[in-house]
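Straight from TrEMBL, the features:
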ACT_SITE  Asp104  active site, nucleophile
ACT_SITE  Asp168  active site, proton donor
BINDING   Asp104, Asp168, Gly226, Thr228, Arg240, Trp244  substrate binding site
Amino acid sequence: MQMSTEGTQTTVMQANKRYTQAIENILAKTLNNIDKFGTQFPHVSLNGKYQLNDNNDWTNGFWSGILWLCYEYSQDERYRQAAEATVASFRQRFDQKVVLDHHDIGFLFSLSSKAQWIITGDNRARELTLEAADHLLNRWRNTSDGSGYIQAWGTKDNEQEAGRIIIDCLLNLPLLYWASEQTGDPKYREIAEIQAEKTRRYIVRGDDSSYHTFFFDTETGVPIGGATHQGYSNGSTWTRGQAWGVYGFALSYRYTGNAAFLETSKRMARYFLEHLPEDSVAYWDFNAPVTADTYRDSSASAIVAAGLVELISHLDATDPDRPYFEKMLATSMESLITNYATIGDDAAEGLLKHGSYYVHGGLSPDDYMIWGDYYYLEALMRLARGIPGYWYERKSK
């Protein structure tokens, strides 16, 4: 029995050493990227180089989040200065309403201004984040059945998009939950909880797989059906969508205590993990035909890794699923570090190879994804240092 305990302790120590080494490599790469990227934001790569844009895309918050994580770990002011510059850019973007007609407001502001508030206590950052939460509320559509939903994309008068919700929205809901905590106004939480429950009921299938998106009648709220945008087919399971579900429902459980959300996170996690290939990193869609050329999506596995740490934190030591999740988390992280991370390539701008953005659309099917880089680093930080990202307040605050 003693030998088993010692063996476990040795394995944990070895894993922590691996995680720390991976983080140190990321710190060096990020300093190089600060110089390369300047005031612009990385999105996805082309021919091994990140495509940079101004602060006008849904992914820009992930670069800010990477900078804040690097600062928290290292306390190096160079990361903080770069991170604060991104928050100033988000202030300007918000004031000018630059490409904000979508639901990804949580991705943008949770990892930038809310991160600054959590780390530094800057009240201007807090106010910006609350303004962003109010803006996200504008995506809400009331329906005659008395419920409603957060419209994912497009303006309210966009007939093609007006009835669509998407599973990605689960990671934007923490912004609303947080706003209720900060203001004492329950409206943010109420809308977030309705959206999470609607996603659980309609996007998650009976076998614990998931649609990418789902449509409702915009007037009555009557469900129409599931569809994909970036997956293999309407009836397939896009792996990144499944990953959003694993992490998103765990976060909704953290904020609400609704046991159905925790159970859904567990079931979606088991589905994801049981459908992985031998190296424990996902293909881009669980239903895509597998050949030697089938694209991976390392970003989906990175999201699930961070989500599993969150999920496991809510499970009792006696929970029968916990050992399985812990084992698969360790296995997936080892594969990401060994087979997908750019450790050893000092010139690489990205942190994880073989991410896929939009395979059917021909957009970066085998490249670096800034969100994959962020969640990979968040998972490492959670495991090595207990730094949980910026989806919720720290207990000591």
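Glycine too: its Cβ is placed from the backbone N, Cα and C atoms.
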CB neighbours within 10 A of Asp168 (active site, proton donor), counting all protein chains shown, number 24
Rounded to the nearest Å, what's the C-alpha distance separating Arg240 (substrate binding site) and Asp168 (active site, proton donor)? Just drop the number here, would you? 9
For the substrate binding site, please report the maximum Cα-Cα distance among Asp104, Asp168, Gly226, Thr228, Arg240, Trp244 in Å. 20
Collapsed DSSP category at Arg240 (substrate binding site): helix
Looking only at the recorded positions Asp168, Gly226, Thr228, Trp244, the residue listed as 'active site, nucleophile' has its closest CA neighbour at Asp168
Using DSSP reduced to three states, classify Gly226 (substrate binding site) as helix, strand or coil. strand
Under DSSP, is Asp168 (active site, proton donor) helix, strand or coil? helix
For Trp244 (substrate binding site), what is the tally of other C-beta atoms lying within 10 angstroms of its C-beta? 27
